[in-house]
Amino acid sequence: MDTKGWQHPYVNIFKHVRVEDWKKSAKEGDVSTYTDKTLKCSVFRIKGPVPANSYILLPKSSSHSLGLTGRYFYLLFKPTPGKYFVVHLDVAAEQGQVIRISFSNMFKEFKSTATWLQFPFLCGAAKDSVYESTAKSAKSGLLGPAPTSARWTCLMLDLQYTLSVYLSRCYSHLKSIKLCSSMSVKNMFTSDLLLDPEVSFGEAKRMGLASAQGTGPMPREMSFPVPKGGSWHDLYDYIKFPSDGTKLPFDSIQKGDPKPKARCVSNQRRPLREDSHCLSLSKPVRDRVSLIQQITTPKSLPRNRTAIVSSIPELGVVSTHQEADSLCYNVDQRDNSPQLGQTSHCDDGGVHVFVHPEDGFSKHGQESEEEIVCMPVPRPAHLTSSIESKQQTLLPDPILRLNRIIGFGGATTKYALWTKSGDAVVYPCHAIIVSMKISTNQQRFFIGHTDKVSALAFNGNTTILASAQTGNHGVVRVWNYHKENCLAMFRIHAHSLSSLSFSYSGSILCGVGKDSHNKTTVVVWNTLNVSKAGEVAILAKAHTDVDIHTMKVAFFDDTRMVSCGRDNIRLWRVRNGSLRSCPVNLGEYHSLDFTDVAFGEGNSSEQHLDDRTLFASSRSGHILEIDYSRVAIRNVRRLLPVQQREQSREKWTFNTGPGIAINSISVTSSFCATGSEDGFLRLWPLDFSAVFLEAEHEGPVSLVSASSDSLQVLASTSTGNLGYLDVSSRGYNTLMRSHTDSVLGFSVDGMRRHLTTASSDGTVRIWNMDSLHQLFDFVSEDSPCSVAFHPSEQVFSCGFSSGTVRIFDISSAKLLVEHMQHRGEVVGLAFSPNGEFMYSADSQGSLALYDSSEDHHNVIRVVCMLAAQGTERAPDALTVSSDSCCVAFVGPSEYIVTIADARTLDELLRVDVSILDVESPRLDSALKVCFSPASAEHLLVATSANKILWISTKTGRLLREVSKVHRHKCSSLAVSEDSRFLLTAGDNAVKVWDYSMQLDINSQMFIGHSQSICQVSFTPDQLGVVSVGDAIFLWDFLAHPVDSLTDSCSPLRVSYVTAQLDNEVKEVQFSHGIPRQTAPLPSSPPPKLDVSSFDRVNQYAFHSSSLNEISPNIPAVLAQATASGSSSEPTSAVSFLKVTELVNASSFNASHTDTGNKPAPPDCYKHFIPRLKKSTVDQTAVAPQAGEKGIKLKAVIGYNGNGRSNMVWSPDQGLFAYSCGCVVVVEYLHTGSQRHLHGHREEISCLAVTNDAQMMASAAGGSDQHRSLICIWDVEKGTCHNTISYHKGAVQGLAFSRDDRFFLSVGDFSHPEVALWNSKTLQLLSNVRVSGPLHEAAFSPSTFSQLACVGNQGVYFCLLHTHGQDVDLNVQKVKVPTQVGDVALTALCYHMDSLLFTASNKGHVCVWDVNTQSCFMTWEADEGEIGVMLCQGNRLLTGSSTRWLRLWDVEGIQGMKLQKRACTMANSGTRVVLEQEMMLDGTAVSAGFDSPLDMGIVGTTAGTLWYINWSDNSSIRLVSGHKTKVNDVAFNPGESHFATCSEDGSVRVWSVPNNELVVQFQVLSQACGCVCWSPSSSPDEACVAAGYNDGTLRIFRLASSEMEMKLHPHHVPVTAMHYSASGHVILSSGKNGLVAVSSPVNGATIRVIRDHKGAAITTIHCVNEQCKKYGLEGNELWLAASADRRVSVWAADWLKDKCELLDWLTFPAPAYYGDDSPPPSLAAFCPLDHSLVVYTGYGVEKEISFYSLTTKQIIKKIALPHWATCLSLSSERQLIAVGSKERVLKLIKSSSGRFQDFLQHSDSLHTCHFSPSGALLFTAAYNEILLWEVLGL
């Protein structure tokens, strides 16, 4: 049921909350009721001059919500004359943020923040009153108190429009309403309808208004009474926002003109986003409008029609409409140009257009609050009435995306949380919450707080996250962690909210803060239903004088808490709505300052309270162990400093003496972790006998937290560092380092992708922009102020507050030179782009010029009093032109901008910015300067009046200006390299602007910083943006590198060439170096225009012709990136672009833009799409003769669920066949034996069999180079009878006629064609090409001459006409009935009685009369796409994407054929009965049944073939395979079973020899990378071990079919594993190259071998071997091979805990330049001689090497034609199996080098394994598993 349905058509708010009861609403002050004489009903009156003291509030509690979803809010009220009123609306956005919309007549101007919009309200005046004439003459309207003639008003607010336009938010619902002071109110209501208050119900009925049209009359209970013969507008005011017309001031709520004298559109019947108005166009925009008029000529509407916009599109998305309102223009009397069209006049002389100060609305690029006067054009133009359809916006939207943040903390460093899985850490970074995946450093962001986050808390399963922010009024947000959306936001009336704690279940949230009297406040909320959009209510609240530092909810009881602080530890409990506490008896320790508490978690949650233990830490070093039930101390210990340096830290004990402050404590079932003031993280046993592990940090440890599995301990420091200790490997990993104070400035080294920052914390740091790792840290007693990288060398300079300038060499990490020419703080540093010079400026006005071409950077010149004094222009007070010729700065005064010679500092030009605006009452001063990189003639200046000025560097003339850039001053300014975009920073936000300022919305704003942004700039590659302030923000810049064919300042942005060549772009790189897809492009590109025909003289709308001197008009074409996507090497900004100059540019127009692209695949699962493969077939490989094969294919494991109709079953003839990869498998169900048909080399798409089951057809392949191959098989002989190669793409379907005379093949979407063949001769008889994709075809079972096809465009009825040997195929296309909707037909089957059933991709079944070719009945048979249909007798079978298999009784349909029109089952009275249904494990893709449809076989996308028996409603799995890639295959020692594992996380165990699935172990959301068997041959003790990508090992016992143990030795994916030869240990390796030795008995990690660290291990192999002959102790040998072509060989005796390195092999190789990863390194011991190590991998040559451990040299090599991807050695016959990417399995005799090639796989081989005896061989390619019988060579 729709929860919003009850709100339609409207909601009476007063009635909804029963306002008169005041139970759900609240009133304050003088609120009363009285009977109004005008309305003749009772209304509420609110009196009182102070809004905060007199109000009506709905709902009563802030924790509740009205939940009203209506788009329009209506308020019926009357302002009190001479008084002020205020109305507050709290509105929730879909993103979870709550925005307050306020309007009042006391507001003098519009103001906005991220969470508050304030609109001035202009009271209307009575008709013919003195106030009306005053309002008409005053531009500002009636600002101030309501006039004495104020009337009852109906106010309508469009809430969806307001949030969309002003804050780029999507409206969700109205949360609360507050009506304050000096007003009378009748009622309020919400609705999705645009209601007209002057229209009565009778008039509405006569006019035809209906709610279905989005409009209607005002409800009777809400209407104002109108006397007979009177006019509604003479008595009342109707105010709409947005209004029909606009007046000054901008963004005000005011009365519009209800009845204009002339309108361009009349008889409106449906709601409009914005009505059309008569405009007068002025001289500044005449050329531009004229040009648009010439280019765009949409049809004008009739006078009684108008364009409709039923909903507001997303902000930034252009809406296009074919119909548009007529836009009329007034004729300026001073213009004598002839008029070609008649004009109509508006009563106010035209529309006043204003610019939004924040969102950048502009009609010609000038952003101010001044009125824009529009002037006429030669003829009327036509524009749509929709705001979105008229506005050109900055694209793509959004143009920035936050990628990474370097920073941690802000308000606190004691909060960082583990997720339950231990793979991610959540921590605050100022106002943003960051979730970082520890394996990849990938970050996710939770954005919504407006101040720094002070506390975080997770529930037990880490699905719900709570966060609190600092400030006078603390705000708490509750988030859905996985969806990243805010579930609830509520205020706690306290400041300094310092602690949050969730209960384990997530139903209780506890918070601690300070109230207004600075008393400690504890609040407990009920969050049980927060994840279900429920409300958060306060359960209990308490005020106390005791100090609370930390408070936690007990994990075993939601009602119990514990807190600690100065002089106290208290236990709390919520009971009967009250919060009570009792102190722990501390005795002599009562004066300690306690810092943290933790529960002992060693026991289950069902444990009795008497056994609970509580641990508390203190600043004196004491750790108290407390008996929870007795509320008393059980034990006390103390952390003491080391008295002597030589004493080992392993000897830490607790004794008397001075202690070390412990800041945090975390307790697990096996250890206790402490973080202390001395910077140590220490791990203790629970008896605190001695430290067994510790890690030292650079500063005091403020937090320790153990992960849920106790394998990792998180630690944070007060110096901004965050990292974790891996307990098993004893390794420490730093996750994040950060500055501890504001970041003042930065510079980017684009070549090496390094970022240097200067901070108020006194450090200069260098970061790797890809990994976020800190590379260098320069600490100085002098405070750094500004930094700059040399453009080409590894050198950077830093300016300090003392005036010193230091130059550092990064490569040698040393100081090169130090200059002390400045006396004041260095406020600017810059290198010239050519690297020859360096410049610096200080706060005293001095400028210095340095020679940076040599290491000493000698000073060339110092000029005093040249720049403006002060520090407000830091850190980028200087700017150098792109040609290194000019340097610009503010000075010598703040009103002057000076341009000087870059080589001498000689003055070239001075511009006084204070005189540029003569009308301004204040002198404007310059703040920032920036050259435009693409044109050195443009200097941009940011001023104190919040303007940006474009100044000509040659003449000093003002070229352009933009006002209201930010609400406050602009703190930084930057221009992109191509001068297409402009960056500004201000108001804690970053704005991206269209440089040419030619759009209607020229900017986009991005928030996230919690304080002022000090600097913002593009990265040198122009793929990213960096902004610094509270932290370092790295943004992805998503604008396409080539966005227009015209100049950057052209008003027409033509992007169609980019769009049509999008498929040619292979990859573009993000700023962080990772390949990205093509940047977003406009969804509705402008019309394709001949750009060469533009009048370049008139196409610009700006003042100066110098803006035209940008670049020649050369079309730009995108090309493939030259750099490899995986490379981290720096690239230039245009490394992925190619500019092609056409021979005749003028001929490049819309007629030449057809690229002939391949059509996109249809959105139907029924259509076959070959799996994407990167492998290629080795055409030179030759298969051996039948009698000479060294191996014989014994069995195929699995079924290809990606095929379509690739299974056939003929029950009468006993034929059962299906495909797997490129092999057709003919299986005999009674014996389980298989026969294999080889003839294809590509994936088989479909099969078909003749009615006598003597011949079978299979189709496969198809690419741009090769046509598909159709093989015709003799089933009895198992041989290929003939082949057909006809279709260019894949083959979608095959079918034989009823008499088997004809054979039909259907091409896929790329070449949709039906081909008819002679079955015996395979002669092509006829072919028909259709325009849309075809999905299936079938012959009629009753008439050989009839067949049909279905596709996207309907059903195709085909009729065969034979003329001797010639056959004609007549095709008639019939569309689907309109009542079915816009669907694609995906399946069909014939009924014997001249009926045809078709199914659609939306679950409809249509019944057609074949004779009349008409549809006479439809019904909805499924909720998803139906892809399988069979019909026999009166039963119909359907299989769909919902996994349902359904059996229908369709006997009642035959009586419907006489009807002439199509009807649904419901209105026809015909019953189609659903007999039975069954849920399968995947989508049905193929089916075969017997004649009564009682039993059959169905294939699914899960790779399963099911035997279905409808009589007993049973299903049996016949064939099972993996759906995803098979990663490993392994035999057990006795060869009775084998195991497979795959990417879907499943481990399957199969029996031999019947190859049936015995058991499957499934781990969700994890990939299984490797599998191995325990050495035991006993069936009861047999175990399978598997490694997963979360770093875990799982051991499964076959006898019990259960998981026996889970180990977690790695925190990265497991790449290889092997039981030791004796089975005492398991050796496993991670992607990071660490090898872990684990015990299968207790799961402990015995040791970690780090020799291969940094390179992934690809192979581990263990054998029994006495090692004395090698000079080492041990009874086993094992080896590990890594991706860096290194092999280590080890001797081990695990019972004696011995493991020593025996040998280390390194194989040389040249640099790898392939597009993919290099071939793996593979190694194994020779089964016949364990002293031989066999190796192959990427190297100088393609070969297999035999290395002797005895002689320490390579004794043999075998050359290979391809790089090996898998390798296995047989224990018998000296055989080696090698697989390659070329799909070849090569069987090699190692003694002689003889080999044979086998090509039975359709993809590259990645796994091959001989059985222990060598009698069998497994090979795998993706999900194809082949079992071979080894015969020998």
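Placed from the backbone N, Cα and C atoms, the Cβ positions cover glycine too.
Computed from a predicted structure; not experimentally measured.
As annotated by TrEMBL, domain 'CFA20' applies to 1-121 (among others).
Mean model confidence for the domain 'CFA20' (130-195) is a pLDDT of 80. The annotation domain 'CFA20' is assigned in TrEMBL to 130-195 (among others).
Positions annotated as domain 'WDR90/POC16 second beta-propeller' by TrEMBL: 747-1036.
Annotated domain 'WDR90 4th beta-propeller' per TrEMBL: 1525-1831, in sequence order.
The region 'Disordered' annotation in TrEMBL covers 250-269.
The feature repeat 'WD' is assigned by TrEMBL to 736-777 (among others).
Annotated repeat 'WD' per TrEMBL: 819-851 (among others), in sequence order. The list of residues near the repeat 'WD' (819-851) in space but at least 6 beyond its ends in sequence, with Cβ under 8 angstroms from a Cβ of it, reads 785-793, 797-807, 857-871, 873-880, 882-884, 887, 889, 891-892, 902-905.
As annotated by TrEMBL, repeat 'WD' applies to 1519-1560 (among others). Here the repeat 'WD' (1519-1560) is broken down by DSSP into helix, strand and coil counts: 0 helix, 24 strand, 18 coil.
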Helix, strand and coil residues within the repeat 'WD' (736-777) as assigned by DSSP: 0 helix, 24 strand, 18 coil
Secondary structure content, the domain 'CFA20' (1-121) (per DSSP, counts of residues): 11 helix, 56 strand, 54 coil
Secondary structure content, the repeat 'WD' (819-851) (per DSSP, counts of residues): 0 helix, 18 strand, 15 coil
